[in-house]
Structure formats: structure tokens, C-alpha cells
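One structure is given here, and the rest of the page talks about it.
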Amino acid sequence: MKKTYKIDVDCANCANKMEDAARKTPGVKDATVNFMTLKMAVEFDEGQDPKAVMAEVLKNCKKVESDCEIFL
Amino acid sequence: MNKKQKKMLWRIIVSAVLMVALHFVPVTGLVRFALYMVPYFIVGYDILWKAVLGIWNRQVFDENFLMAVATVGAIVIGLTDSGDYTEAIAVMLFYQIGELFQSYAVGRSRKNISELMDIRPDYANIEVDGQLEQVDPDEVEVGSIIIVQPGEKVPIDGIVVEGRSTLNTAALTGESVPREVAEGGEIISGCINLTGLLKIRTTKEFGESTVSKILDLVENASSRKSKSEAFISKFAKVYTPAVCYSAVALALLPPLTRQFLMGLTPDWADWFYRALTFLVISCPCALVISIPLSFFAGIGGASNQGVLVKGSNYLETLAQTRTLVFDKTGTLTEGVFEVTRITPAEGFEEGRLLELAALAESASSHPISKSLQKAYGQELDRSRVGQVEERSGAGVVAEVDGKSVAAGNDKLMNQLGVAFQESDEPGTVVHISVDGVYAGQILIADRIKPGAAEAIAQLRSAGVRRMVMLTGDHRSVAEKVAKELGIDEYYSELLPADKVTKVEELLAERSNDRDKLAFVGDGINDAPVLSRADIGIAMGAMGSDAAIEAADVVLMDDDPRKIAKAIKISRKCLRIVYQNTWFAIGVKLGCLLLGALGIANMWLAIFADVGVMVLAVLNAIRALFVKNL
């Protein structure tokens, strides 16, 4: 399953860091962050609940970049 | 500017004013230190806080950390040695100015690009009890009647049931000549209705309509990252820690060597300062921001010209195109067959010949019979046609006005034993005989698109080295078209599967992998070839879902000159990407060297960081301007 979320982040490198953090989150198969359109596309592993996974993703992203937001 | 940016601007102004004012306050020692800390914290508290958070979350090496260490280090030098705190504040100040500029520039180009692509319709008009009501286009069901007034956007694809008007398709195709529509005509969402009121029966849902598909495609385009972007994010990951370790080495090794091996004074403060300079220079912001911004601007500018590129990676490949393979029909030629010559035999006249041929072929739906009927131009009286016998691969024999009329190719004439005039002109020849007597021939040929020859010349000057035309048509037709357009190579009489094989052969013949091969087709029957080539370009895709799906680059109208335009846009964008990459890396490495040698001070370091970033961002925005390429 693939879902796209709107995000807010200030710098391009921070966006790269968010992408990394999202990818490393369990339950996420792949993730791409597009800094220009401020969107995060997440592909979930099968049988995962996107809501629960995204809560973790947000937590991990906040860790690498405190000043970021994902609009779930 | 948004709220965040305004707040930042105020912090910068207040801090800068304070810094300058403090210059004239004659205090020394700790009071001086305390006073200078006020502007420092005003402008830099968030950076310091983020650096602390970063260390806490084990994300040490980022630009916040670099800036925090560099400025705190400069303050320590001020406190112990020089008493000069201006440098620390200035570094923070300029860093924040750079960040502010970057966020402002990115925000502006986001807005610019979304304005360029402003094709999203906000509402659809529906008639309820004789009154127009505006509804969300998402809620309109297939088969509903919507009304589009002059000046409004067509929200959903459909068929015109009432009214006639002209449409502005510029937002979709980049083409400024208005298009006519009338009752019964198909209409595509995203066009602007210019003159008359139109009633449209929708044939698709909003989500399936052309406008939604295009918006979706363009918005997701830059998610497919190019090699340059991948390179930069990898580079940034290695680069920042590498510079940090080098800075530590620079701060420790030379003084230790001086003290213990060379017996000189260690000069700790000097080397420490050099290491700090190193850190300031090292921030990779210029690269990290300007490369995606260039691609984003390039894709945005291209879509404004009716060239949809599905990802930055495709823009990159397009720029490296050296071999271009064309499908002939529908790409270089109109794909519409027309009667180009009528040669009656003795005793027959042109009009009569055409009438007989049109009548004989009237039962067929073959493109040839359609073009005969079109050339005839009058209503056909089908009752004049009796029994029709179709001979596959040859033609038809039909009873017209009680006479046996045969219309077909050489084979049919041979079968019937009719002596005929051979023709070596390219095109499809239809011979006609009446009751076994040769009546003459009609030549039907495809027309070369206006602008096709110009397109080939433009492509050549844009750096495409090899141009190849593939066609299922006869050799004579292919030869004529190729000659007329100035294409050097052509392969004719190919089946769709042969085209794939041919493209594979051409791919294998390339001298190196960096020279890319692009295939241009009209999206009909050539999906396998489109996907086999390094990059597939579909043209005339307005309203054709299959083409939009299969291709990597979609040209919204069917003007072949757009191919050259697409390549030029991609070249410009990639040129900017390379300029930025080498400019930023070059300046940074140069400054790092100067910093290590102790020639560069922190002011130069700030230029290397913020100045390069500003220049790179401004350069990236140039990719948006592609109209006059």
C-alpha cells in the first residue's frame, strides 16, 4: 500500500534526513520525501496499519529534525 | 513571506543593529562578553537548541552542529584571547540570512510553479431548476450535463451537447492558437472556454479526467530522483562528517607536531581558529538545496510549455539523448490518409472515378475507404451498391449501378486479369476497373506534418547525432518521407514487434552507455517500444490515457517541434545542475584549502557558505524560464 502525506520542513537536507528516518522505521517498505512539493510518499509493508506506522515515522523524523511536521 | 520568515527577519535586524551599536560601547571584560551575548542569542538560539537536540538524538553531524561549534568556538577565542565577539555573531547572522533567503526563494518558486500549472478547476456548473449551481467537480457523476460559461475552465472531460465556442488550450499544450469546438465534439478538461456557452455531457469522473491526471503526474514528478540528486544526498552524508573529523585533526595535529616534533610554540589558538573556519565553510546547503530546486523548476517550466516530464531522472536522460528513433505515422506525418492524386484512364473522368471508388469501398471501414469517402465529399447513396465481395489483402469487387466495379491494389488487378498502369509514387494506389476495363488509379498518401522538417533540423542543432525512422509502411513511402525531412536512416515494412527488435539493435550499437536513445511515438500500438527505449516520448497525448501511462515524457500536442524543445529544456536544466554542483564544490574545496593554510578567515568562510548558496539558488531558478528556448 502506498500513501502520500503533506509535510512541513525548512531545509532540503532536513528533508533528506526525514526520508532516511522514515525508511528505517519498521513497517515501511520504502519512502521518498519531496522537498519541493513538501510531500512524503510512504510504501508500507504488507499487513501493516499505516496509522500506527506513521506515528512511529513521525517520532523518528522528529528525532532527526526537531522542526518538522507530517500532516497525518 | 510567512509568519516564520517574518519573525526570522526581525531577529536578524534586531541582532544586526545591536551588534553594530555594541561596537561603539566602550566596555571590557565580562560586561562586554555579556552584552555581546544578547544579539548572539537573539539570532542563534534555535540553532544552538537544535544542535543540542541533535547530539541528544545522536544525529551529531548536521549544519546546526557545525554552526554551533564554530560560533561557540569563536566566542571562546574572544573570551580568552582577542575580546572580539563580532565574528561569532556575524557567522550566525549570515548563516540565518542565508537560511531565510533559501526558504523565501524556495517558497516563491513553489508558488511560481504552481501558478504556471494553474489548471485545477475549482468548481463545475450544474443546472438545477433553470438556475446555475456551482458544485465540487469531484461530485459530478459520469453522464451529467455541466455548463461552462465563457472565461471558465472546463472541469471534466466530456462531449459537447449544445453550443459552439473556441477553447484556449495554452495551459495544457503551451499552444496559443485557440481551438474550435462544436456540438458533438470531444472536450478536454483544463481548457479555458473563450467565447460561447457550452453544455457538456461528462464522460469521465473528475479524478479520471485529463486535468487530474496531468496535475497528479506533474506533482509527483520530482519524486523520481535523478542520479545527480542521489549523488548529492550521498555526498552530503559523507561530506559533513569528513569535514568535521578534518577540523578536529586540524585543531590537534599541527599544534602537537609543532610542539613535540619541531620544538616550536604550538599556537593552539591559531589552529583552533582555522579548524572553526573549516566548519563554517563545510555546510553543504548550497548543493543540497539547489539541485532539487533546479529539477523542480525545469519540470515546472517544461509543463508550462506542454511538455510533461515524469521525473527528474527522465529529465536527466533526455538531456543525454544522442539517438532519436521516430515512429513515422502520427509522429512525423499526420497519420491521416488523403487522396493526393487521381489519374483516370481514357474514357473516364476524375469525379466519376472517385465516385465509383467511394461507392465500391462504402461498406468498408478501412482508413483507405474513409479517405476516399472524405475526398468524394458528398453523401453516398448506398442503395446504388449491390453485392460486395471483399478480397482480403487485395481489395473489393462490388456491384455499383449494376456494373461490376473492382477497387484494389496490383494484386486484385492481376487476379481479375486487368491490364493496369503501374505507379512508383510512394503511397497507397487504388486501381479501379469497371466490368473488366481499367478505369484509372487513385493515390492515397499520408501528409508530412507542418514543422516536421524544422523539428529535425532543430534536433540536429540540439545535439542529437543519429536520427532513425521506423515504419510499417512501404519502403518507397519511408524513403520519400525520410528524404524530405532530412533523416539519415529509416527502416520500413516493420511489424510492431520488429520495432522493438530494431530499437534493441540500435541500443546495442551505441558506443557508450551515456549516450541515450529516445523513442518518439504517438502512443498507439507502440507501448512496448516506448518502454524498451531509454526514454519514451509520447506525443499528441491530449486525452490519450494509454500514452500518458506508457511514456516517460508526454508532449501534450502533436507538434514535432516540441521534441526539440523538450530536449533543449532538459539540456538547460542539466547545465544549471552541473554549474551549481561544480561551482559549489569548487568554491568550498578552495576555501577549505585556504582555511587550512590560515589564509581564509571566517568572513571568507561565510561567503563560501551563504554566498555560494544564494548564487546557486538564483541560478537554479533560471531553469524555470524556458519559453524562448
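In case you wondered, yes, glycine gets a Cβ from its N, Cα and C as well.
Marked as domain 'P-type ATPase A' by TrEMBL: B:120-219.
The transmembrane segment annotation in TrEMBL covers B:9-27 (among others).
Outside the transmembrane segment (B:33-53), and at least 6 residues removed from its termini, the chain residues within Cβ reach (under 8 Å) are 11-12, 14-16, 18-19, 22, 25, 27, 62, 64-65, 67-69, 71, 75, 78-79, 85-86, 88-89, 92-93, 95-96. The transmembrane segment annotation in TrEMBL covers B:33-53 (among others).
Nonlocal intrachain contacts for the transmembrane segment (B:235-253), taken as residues 6+ away from its ends with a CB within less than 8 angstroms of a stretch CB, comprise 60-63, 65-66, 271-272, 274-276, 278-279, 281-284, 287-288, 592, 596. What TrEMBL lists as transmembrane segment is B:235-253 (among others).
Long-range neighbours of the transmembrane segment (B:273-296) within the same chain, counting only residues 6 or more positions beyond its ends whose Cβ lies under 8 Å from a Cβ of the stretch, are 63, 66-67, 69-70, 73-74, 77, 91, 95, 98-99, 102, 105-106, 109, 113, 222, 226, 228-229, 232-233, 235-236, 239-240, 243-244, 246-248, 250-251, 312, 315, 573, 576-577, 580-581, 584-585, 588, 591-592, 595-596, 598, 600-602, 604-606, 608-609, 612-613, 615-617, 619-621, 623. Taken from TrEMBL, the feature transmembrane segment covers B:273-296 (among others).
Sequence-distant contacts of the transmembrane segment (B:577-597) (same chain, six or more residues past either end, CB-CB distance under 8 Å): 228, 232, 243, 246, 250, 274, 277-278, 281-282, 286-287, 290-291, 294-295, 604-605, 607-608, 612-613, 615-616, 619-620. The transmembrane segment annotation in TrEMBL covers B:577-597 (among others).
For the transmembrane segment (B:603-625), the residues of the chain that approach it from at least six positions outside its boundaries are 87, 90-91, 94-95, 97-98, 101-102, 105-106, 109, 112-113, 116, 277-278, 280-281, 283, 285-287, 289-291, 293-295, 297-298, 300-301, 572-573, 576, 579-580, 583-584, 587-588, 590-591, 594-595, judged by C-beta separation under 8 angstroms. As annotated by TrEMBL, transmembrane segment applies to B:603-625 (among others).
Secondary structure counts, DSSP: the domain 'P-type ATPase A' (B:120-219) has 20 helix, 36 strand, 44 coil.
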